[in-house]
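Inspection log for the structure reproduced underneath, given as structure tokens.
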Amino acid sequence: MSGDEMIFDPTMSKKKKKKKKPFMLDEEGDAQTEETQPSETKEVEPEPTEDKDVEADEEDSRKKDASDDLDDLNFFNQKKKKKKSKKIFDIDEAEEGIKDLKIESDVQEPAEPEEDLDIMLGNKKKKKKVVKFPDEDEVLEKDEALEDEDSKKDDGISFSNQTGPAWAGSERDYTYEELLNRVFNIMREKNPDMVAGEKRKFVMKPPQVVRVGTKKTSFVNFTDICKLLHRQPKHLLAFLLAELGTSGSIDGNNQLVIKGRFQQKQIENVLRRYIKEYVTCHTCRSPDTILQKDTRLYFLQCETCHSRCSVASIKTGFQAVTGRRAQLRAKAN
């Protein structure tokens, strides 16, 4: 009975509980002396019934101790894992940062030949270069240009004085620009209306055309138009007959009678050509002109710009010979 009492003693159960602490041997040195005793008690266990009860108690205690030990181990392991994970995370971040830098550098190097990036980066670099280096050249060029402009302005002011033309008092030849400026200045002095940029419009009465019978037309206001143009009726009559290719004469009412059927538009076109060639000035387009005849030539002299130019003589068109006597004379000749 002494053996039975030793088996069911609560102290023995406690010692068997300490059996389950193999994981804490390193931390607690006292547990090693206690583990030696349960080994001796195993040799004393004689009966199987008692072993079953002891095993059931041991299983319960094992489950509890294992759960406690696992909790302790999980707690320590969690702390240790967190510390290690922090260190690993830092290393990974550093490695990833290095990789990112390498990747960015690798991406930037092949991206340089692209047109868009080259344009953007190249423009910025070129702007910096243009700002740095060409500034001095540009400043020098601007200074030279300003000096040239100032000299030109000074020359223009000096030449525009009352001393005369630019080439006066010097042996140099005059230039085309100087002569052109002189011509325009004289024209502005003589004709101040041109300075304002207003062009004179030559206003003329429209011709009045009336049919006479079936084969003739009458130009009613022929003499009035000759007075407006300041031209002789004979000259205008010769031009009209040559352009129209007909024959005509002035009757007692100072009306021009022309053979053929003509409309008002046709006579207007002929009058416009006559005014353009024999009335308006060829240089200033002024209608204040005089038609003069000198040695079989007609000269048109302008009263505004005092220019004088020759004018072509009026030539009659081809006329067919219809009379019998004229035909015989032509054959004889």
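Backbone N, Cα and C define each Cβ position, glycine as well.
Looking up the ranges 206-230, 281-305 in Swiss-Prot, the one annotated as zinc finger turns out to be 281-305.
According to its DSSP assignment, Lys265 (N6-acetyllysine) is helical. Here Ser218 (phosphoserine) is positioned 30 angstrom away from Lys293 (N6-acetyllysine), judged by their C-alpha atoms.
Less than 8 angstroms from the CB of Ser218 (phosphoserine) sit Val209, Val210, Arg211, Val212, Gln255, Leu256, Val257, Ile258, each of them six or more residues away in the same chain.
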